[in-house]
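Visitor: Can you keep this structure in mind? I'll have questions shortly.
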Amino acid sequence: SQPWPGPPPQPEILAPSPPRETWAGKYEFLLSCMGYCVGLGNVWRFPYLCYRNGGGVFLIPYFIMLLVTGLPLFLMELSLGQYGAAGPITVWKCCPLLKGIGVAMLIVSSLVSLYYNVIIAWAFYYLGSSFQSPLPWSCNAPRNADLCQVGGLRAGSNVSGSAGWVSASEVFWNEQVLGVTHSSGLGDPGPVQWPLALCLLAAWILVFLCMLKGIRSSGKVVYFTATFPYLVILILIIRGATLDGSLNGVRFYLSSDWSRLQSAQVWSDAASQIFYSLGIGFGGLLSMASYNKFDNNVIRDTLVIAIGNCCTSFFAGFAIFSVLGHMAWRKQVPVGSVATSGPGLAFVAYPEALSLLPGSPFWSILFFLMLLTLGVDTLFGNIEGITTAILDEFPALRDWRRKTALLGVLCTSFYLLGLLLVTQGGIFWFTLIDTYSTGFGLIIVALVMCLGIAFCYGVNQFCQDIVDMICRCPPWCSHMLGYFKVCWAFFTPCLLLFTLIYTFLDMYSVPLRYGTYEYPAWGMSLGVCMGVLTCLQIPLWAVVALCRESGTLSDRFQKATQPLHSWRTATARDVAGDVIDVPFTITLTSSD
């Protein structure tokens, strides 16, 4: 006799991966993107570029580049992330041949995160030093009594500027904060500056705690970090307007030199400033947009964020130059002699100007709190891009404990690697990574992304995807999509190519310097390798995608440019089908 058959085997149930997060509200997304885009470059780079390139005339190429390059690329990243609901790597299932773009974005974000938090560490150091009266970098401090012989200056060697008169603020920056006077250059980093190392540790702990619950926690923090800088800028503008000599600074900032429009340097500066200040090509925008609801109006968000970011840069210039104008008036020197950009503005010139004001500790605390918040929410976007890329490639890590462990490993790794940048010669390494990590490599990534979407994925299909997301597309959106289509297919790639060529010419004609120190050939070669490493990911992963297909080379290329089936199903567009994706698969019959 046959044994009684047991119960039929049960189908294997796959453990579902944790669902993908979404923003708690649209304002969290807007503020996160605004905080990500409005960074230190808006305060310490744009005003300097404006006065160097013809004052108010610089706004003409600046806004032209915004319309032709900034807005189209910004919309492309937001739309790609929102439609695909995936991070910088996984989203390229829309065109597997271009997966290397996502890997390249991951490398750029990692390099930027490595050095960007060092700036926050400097801001922490100055913020702590601001709770003293008088300020330690002012001429009223007892330790600076012998330095300030004539108008707050002394004669000596100037590491970060030209040889000659050195201010007490610059001595504090070079000797006490950086310790750079004890280093001979890139090959002589020297010991770690432990006060800075502790500040860097505090900065990474702050980032870890704010991002502990992903966008649920960082989305709440940006309500403060994204809005506080605007309050400080407004206060500094009002205070600056009451100072003697402030009008000279504003006049210097906006003085028009129409002949500068004939210079290619001006147009290249405008394009690069738009490119970097909007955070294009880093993967942060794409990642943040991936947590949006599918029907979010991405065109409206693009206009609000991009135009708001550029207006912030313009108004920040009034806060900077009104105070610098007062310092020039006090010293009886031209405004141009005290105007600078980068760390020299944020940690030397402007703190010195603030030290001349009544109640200087208060203004100093306010300013460095602003720098702190500007840097932190920009770093949120970079780290968000890295974690999103990893979590989408490995969904099993979305469990809270594993995700926390991943964030902890990332922050710890970046901290340990960043210790090189807080040595006595760390500023030389900082400048090297800052120059080359976001140089030609980033422009090539954006150029290939634009060409890939326009000609591999299809610009018409991409526009249709945007229309599908914006169900009730108003007439002005349709007109703007026509404009963006032309930009993606022609104008934006052409301007990116112009910027890329000018970047190469500038890189090979002007040696990299930090003050009077000129970088050795091996140092510049190392910097070029950073950019090359980023660019190599694109052809490398394209070869991998081609090898995974079958047939002739032409057949493989055609297959590798076709979207994967999961590209459509992931967006919830194709809800009607024979198979529904749930934690386990159920096949429906015709009777069902």
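Including glycine, each Cβ sits where the backbone N, Cα and C put it.
Automated prediction, rather than curation, is the source of TrEMBL annotations.
Pulled from TrEMBL, these are the listed features:
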BINDING   Gly35, Val38, Asn42, Ser277, Asn309, Leu374, Asp377  Na(+) binding site
DISULFID  Cys139-Cys148  disulfide bond
TRANSMEM  59-80  transmembrane segment
TRANSMEM  101-127  transmembrane segment
TRANSMEM  192-212  transmembrane segment
TRANSMEM  221-241  transmembrane segment
TRANSMEM  274-291  transmembrane segment
TRANSMEM  303-324  transmembrane segment
TRANSMEM  362-383  transmembrane segment
TRANSMEM  404-430  transmembrane segment
TRANSMEM  436-459  transmembrane segment
TRANSMEM  480-505  transmembrane segment
TRANSMEM  525-547  transmembrane segment
Visitor: Counting across all protein chains present, how many other Cβ atoms fall within 10 Å of the Cβ of Asn309 (Na(+) binding site)?
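Guide: For Asn309 (Na(+) binding site), the 10 Å Cβ neighbour count is 23.
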Visitor: Could you tell me the C-alpha distance between Cys139 (disulfide bond) and Asn309 (Na(+) binding site) in angstrom, no decimals?
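Guide: Just about 36 Å between their Cα atoms.
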Visitor: Among the recorded stretches 101-127, 303-324, 404-430, which has the greatest number of Cβ pairs closer than 8 Å to the transmembrane segment (274-291)?
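Guide: If we count Cβ pairs closer than 8 Å to the transmembrane segment (274-291), 101-127 scores highest.
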Visitor: Quick check for me: are there 3+ Cβ pairs below 8 Å between the transmembrane segment (59-80) and the transmembrane segment (221-241), leaving out pairs under 6 residues apart?
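Guide: Contact between the transmembrane segment (59-80) and the transmembrane segment (221-241): absent.
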Visitor: Taking 3+ C-beta pairs under 8 angstroms (sequence gap of 6 or more) as contact, is the transmembrane segment (192-212) in contact with the transmembrane segment (362-383)?
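Guide: They are in contact.
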Visitor: List the residues in the vicinity of the Na(+) site, defined as same-chain residues other than Gly35, Val38, Asn42, Ser277, Asn309, Leu374, Asp377 with C-beta within 8 angstroms of the site's C-beta centre.
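Guide: These residues sit around the Na(+) site: Met34, Tyr36, Cys37, Gly39, Leu40, Gly41, Ala226, Pro229, Thr312, Thr378.
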Visitor: Round to the nearest Å and give the CA-to-CA distance linking Ser277 (Na(+) binding site) with Cys148 (disulfide bond).
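Guide: Between the Cα atoms of Ser277 (Na(+) binding site) and Cys148 (disulfide bond), the distance comes to 37 Å.
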Visitor: For the transmembrane segment (480-505), what are the same-chain contacts with Cβ under 8 Å, counting residues 6+ beyond its ends?
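Guide: Cβ under 8 Å, 6 or more out: 65, 68-69, 71-73, 75-76, 264-265, 267-268, 271-272, 275, 299, 439-440, 443-444, 446-447, 450-451, 453-455, 459-460, 462-463, 466-467.
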Visitor: Applying a 10 Å Cβ distance cut-off over all chains shown, what neighbour count does Asp377 (Na(+) binding site) have?
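Guide: For Asp377 (Na(+) binding site), the count of other Cβ atoms within 10 Å is 27.
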Visitor: Whole-number Å only: compute the distance from the Cα of Asp377 (Na(+) binding site) to the Cα of Cys148 (disulfide bond).
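Guide: Their Cα atoms are separated by 38 Å.
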Visitor: Which entry in the list of recorded positions, Cys148, Leu374, has its Cβ near the fewest other Cβ atoms, using 10 Å as the limit?
Guide: Cys148
